[in-house]
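To start, the structure itself, in structure tokens.
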Amino acid sequence: MKEKVVLAYSGGLDTSIIIPWLKENYDLDVIAVCVNVGQGDDMDYVKTKAIKSGASKIYVEDVKEEFVVDYLYKAIKSEALYEQDYMLGTSFARPLMAKKLVEIAHKEQAKYICHGCTGKGNDQVRFEVGVKAQDPTIKIIAPWRIWDIKSREDAIDYAKKVGVEVPVTKKKIYSVDKNLWHVSHEGGDLEDLKNEHKEDMYFMVTPPEKAKDEPTYLEIYFEKGAPVKINGEVLNPVDIIDKLNTIGGENGIGIADIIENRLVGMKSRGIYETPAGTLLYAAHKKLESVTLDKYTYQYKKIVSAQYGELVYNGLWFTSLREAIDAFVDKTQENVTGTVQLKLYKGNIKPCSVDTEYALYDEGISSFGESELYSHKDAEGFINLFGLPSKIKALKNF
């Protein structure tokens, strides 16, 4: 009986040719696993294609709701970003995929897990560290670090040789990753920084100059930091993301052209579409500015950056990530209320906040006198606050 390998399968170029390559070079029984995080593929087609390509079995795991509730809601609550720009759409999906791969490897008693990540990318780290954190006995096969195929053009040639159909041509050769949260585009002419990216690549977003000519007003209600209602309507978590992707997309919201520092050392360029995430982060940030005290708000910004770096670097299965989640959950206890946004041709303008947990007090913040604050109090405060500066000036160093 042949030993088994569980393959992270998408039906795309890389994983399509890996099936015959594994059989040819390792003589393994290939169990394909497609983790459905909302990439929008025809799963019946994916199943058929995996079997036609030589897999003995195909699992399709629909984890969209788990992805939103257990991963994306953590992103929203923490407002995690990598290098202040990247909303981590790929990064948040990978630990969930690794979790499912290990579960099926255990179920199938497979000794190997295989992925189609390149040897220059971050995903190889995310998958492999995620697998090792759950079961260090499982062996990893990473074809892009082993085989003679050196480019995506080579991969297309190999696909033709072994008779595997792939939805990519040499002329239009972007690497695309798609899920509920985002679409990323890399490779091809994007690798030359002198090239403006082409707007016809967009899947989710209308180019801002072609977006609606009238502004859209949007209300998002959060409960303890998590979105619950859109325009007053309670929706399930997946529908919330879908609806906001539609609203944001038709208003030209959510495009980012980013140069990022990869974990493996080099810089890379990616075009990201994240309409729902962009709207949710903007609304959540506004609500936090009203409901969090000064020091919690400022410290959380530091923690958010650390959280984004952890997730980007594939360190989901760590005690630090769990500890940050616990801190973030504490900060979200009063992050409940409604934020109204005005959307117009790629721009977001926060309009209003309605929350019973506001730390903003109009009576205190106005220029008039109040029982809690007297203008005369400012003089003593300024003297004490400025004392270090005054002492230094007197010393005349």
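Numbering starts at 1 and runs along the chain as displayed.
From the backbone N, Cα and C atoms, a Cβ is placed for every residue, glycine too.
What you are looking at is a predicted structure, and each value in this text was computed from that prediction instead of being measured.
Reduced to three states, the DSSP call for ASP14 (ATP binding site) is helix. Under a cutoff of 8 A between CB atoms, and with a sequence separation of 6+ in the same chain, the neighbours of ASP14 (ATP binding site) are GLY116, CYS117, THR118, PRO143, TRP144, ALA155. Marked as ATP binding site by Swiss-Prot: ALA8, TYR9, SER10, GLY11, GLY12, LEU13, ASP14, THR15, SER16, GLY116.
Listed in sequence order, TYR86, MET87, GLY89, HIS182, VAL183, SER184, HIS185, GLY254, ILE255, ALA256, ILE258 are the same-chain residues six or more apart from TYR272 (L-citrulline binding site) with CB atoms under 8 A from its CB. If you look up Swiss-Prot, you'll see TYR86, SER91, ASN122, ARG126, SER175, SER184, GLU260, TYR272 marked as L-citrulline binding site.
When secondary structure is read from DSSP and collapsed to three states, ASN122 (L-citrulline binding site) falls in the coil class. All protein chains shown were included, and the count of other CB atoms within 10 Å of the CB of ASN122 (L-citrulline binding site) stands at 21. The feature L-aspartate binding site is assigned by Swiss-Prot to THR118, ASN122, ASP123.
Using a 10 Å Cα-Cα cut-off around ASP123 (L-aspartate binding site), the binding-site residues SER10, SER16, GLU260 reduce to an empty set. Rounded to a whole value, the Cα-Cα separation of ARG126 (L-citrulline binding site) and SER10 (ATP binding site) is 17 Å.
Listed in sequence order, the residues of the same chain lying 6 or more apart from SER10 (ATP binding site) and placing their CB within less than 8 Å of its CB are CYS34, GLN39, ASP41, VAL46, GLY116. Distance between Cα atoms for SER175 (L-citrulline binding site) and GLY12 (ATP binding site): 9 Å, as a whole number.
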